[in-house]
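A.B. asks: Got these off Swiss-Prot a minute ago, pasting:
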type: LIPID; residues: Cys46; note: S-palmitoyl cysteine
type: LIPID; residues: Cys53; note: S-palmitoyl cysteine
type: MOD_RES; residues: Tyr67; note: phosphotyrosine
type: LIPID; residues: Cys106; note: S-palmitoyl cysteine
type: MOD_RES; residues: Cys106; note: cysteine sulfinic acid (-SO2H)
type: CROSSLNK; residues: Lys130; note: SUMO cross-link
Amino acid sequence: MASKRALVILAKGAEEMETVIPVDVMRRAGIKVTIAGLAGKDPVQCSRDVVICPDASLEDAKKEGPYDVVVLPGGNLGAQNLSESAAVKEILKEQENRKGLIAAICAGPTALLAHEIGFGSKVTTHPLAKDKMMNGGHYTYSENRVEKDGLILTSRGPGTSFEFALAIVEALNGKEVAAQVKAPLVLKD
């Protein structure tokens, strides 16, 4: 069986932990991850001034699709940039139409709202993004640290990044693989 594939869309101002932790955990699970730079292949400055080098531009990565999951990290500016991108809208619409998994964390789910993705789903966000996410009544809000409703998987923030990443692994590769990846991470239960 071919390994699963993930597209992580990296925008300027993305939250570092919400980008790197899911990438690392998914790669540990054997998922082929592509970090795609929204603005190209140049290094991206994240919300706390960590610089991440994308594997490809979003334009080039899109040509290699479809992906088993599209991941949207948070960070206020990063989420705003994802929300304003026509390319992100196109990728999310294609992913939704083909019934592929979409995962977003922290403020990242607000890009789902901006692009009208997953309406009717139960979601969670960073507490500061809750009001924005609930504007218009398109979603049901959950206070859970990670919420999976069908093919929409959301999480709350930097402190839930490992749980978010492991939920993606479980959705793509099953509980057993997620447990195998989790064990050596020495996470608190």
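One is the number of the first residue shown, and numbering goes on along the chain from there.
Using N, Cα and C of the backbone, Cβ positions are placed for all residues, glycine too.
Please situate the listed features within the shown structure.
C.D. replies: Sequence-distant neighbours of Cys46 (S-palmitoyl cysteine) (same chain, six or more apart, CB under 8 Å from its CB) are Lys12, Gly13, Ala14, Glu15, Glu16, Thr19, Ile52, Gly75, Gly78, listed in sequence order.
Long-range neighbours of Cys53 (S-palmitoyl cysteine) (same chain, six or more residues apart, CB within less than 8 Å of its CB): Ile35, Pro43, Val44. The secondary structure of Cys53 (S-palmitoyl cysteine), as reduced to three states from DSSP, is coil rather than helix or strand.
The number of other CB atoms found within 10 A of the CB of Tyr67 (phosphotyrosine), across every protein chain shown, is 25.
Taking the Cβ of Cys106 (S-palmitoyl cysteine) as reference, residues of its chain lying under 8 Å away and at least six apart in sequence are, in sequence order, Glu15, Glu18, Pro73, Gly74, Gly75, Ala79, Thr125, His126, Ala129, Ser155, Arg156, Gly157, Pro158.
On its own chain, Lys130 (SUMO cross-link) has Tyr141 as residues at least 6 apart in sequence with a Cβ closer than 8 Å to its own Cβ. The DSSP secondary structure for Lys130 (SUMO cross-link) is helix.
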